[in-house]
Amino acid sequence: MKNFLVITNKSKDSKLKIGTQILEYAKKHEDVKITLADVDRLEGRYKFTNPDKVSKDIECVIAVGGDGTLLQAARDLFEINVPFIGVNRGTLGYLSEVKPDQVEEMMDKLINDEYTIEKRMMIEGEVHKKGERFVTSISLNDIVISRIAGMLNLSVLVKNKFLTTYPADGVIISTPTGSTAYNLSAGGPIVDPQAEIIVITPMYPHTLNTRSVILSTNDEITIKINEIRGSSDKCGISFDGDFRIELGTGDKVKIRKSNDYTKIIKLSDQSFIEVLNEKMGDR
């Protein structure tokens, strides 16, 4: 790899220290080209980068910030099919494995092709409002339907067959990559990130016999908003914690495995279990 796009979350690195460090590295390696994404002039749904403005020569995206930064960059750029690596200036960093003091080592390995690439499945959610398709968006971690106030009554169908009803604060539809995020906090199972399954986990269910459900990637899931109790008649859906849309009673969301994948670059040979033990020790 010689051609890199650097995306920086300025709330994590306001002075662009990592981007500057990578630019300095490129000055010592004439065949390395670095482009710093302009994250201040975006329009529409994009969080960090408009894919139409990304050069076709880019071979790798370096996301500086934390897991959230990499997630949103992956959502922005899933169509261009290049691998991502994250420099972690956040907290746990399941996806962003590179520490700030490892940036030069990271660049050495990238330009010398000393890495592996993991393909991570994504899911897409098709939102229907008032009986009509409203929008479709994509997630690497999860799609979350959650209350604004009060409680929700949600029906879950799998391949148009009734599965269950959740009286709960909401529901999380998670990929294996997202199993260690919101899903884990809600009591859902931890899944190897290279597996291909979909996890449904209710959020604070108002019943004792409610558990997570693990489904095949061949299954299409429909979540229907039956009732919204409380001071608000709306709830919300978010994709990887962003792109929030209001939903009302009778609205529904169809969720399925996406045909697109996110490619994550791994520099270390740590197994998923080793990474899990290390990160869980931080909690």
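Including glycine, each Cβ sits where the backbone N, Cα and C put it.
Not measured: the values here are computed from a predicted model.
As recorded in TrEMBL, the features of this protein are as follows:
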ACT_SITE  D67  active site, proton acceptor
BINDING   D67, G68, N141, D142, D169, T180, A181, Y182, N183, L184, S185  NAD(+) binding site
- Query: When you measure from the Cβ of N141 (NAD(+) binding site), how many other Cβ atoms are you left with inside 10 Å?
  - Reply: 31
- Query: For A181 (NAD(+) binding site), what is the secondary structure state per DSSP, taken as helix, strand or coil?
  - Reply: coil
- Item | Site extent for NAD(+) (largest Cα pair distance over D67, G68, N141, D142, D169, T180, A181, Y182, N183, L184, S185, Å) | 25
- Inter-residue C-alpha distance, D169 (NAD(+) binding site) and D67 (active site, proton acceptor) (nearest angstrom): 25
- Item | Distance [Cα-Cα, Å, rounded] between N183 (NAD(+) binding site) and D67 (active site, proton acceptor) | 15
- Inter-residue Cα distance where the pair is D67 (active site, proton acceptor) and N141 (NAD(+) binding site), in Å: 10
- Task: Fill in the CA-CA distance, D67 (active site, proton acceptor) to A181 (NAD(+) binding site), as an integer in Å.
- Result: 10
- Query: Taking each of the binding-site residues N183, S185 in turn and counting other Cβ atoms within 10 Å of its Cβ, which one has the fewest?
  - Reply: S185
- Task: Across all the protein chains here, work out how many other Cβ atoms are within 10 Å of the Cβ of A181 (NAD(+) binding site).
- Result: 25
- Simplified DSSP label at N141 (NAD(+) binding site) comes out coil
- Query: What's the most sparsely packed of the recorded positions D67, D169, counting other C-beta atoms within 10 A?
  - Reply: D169
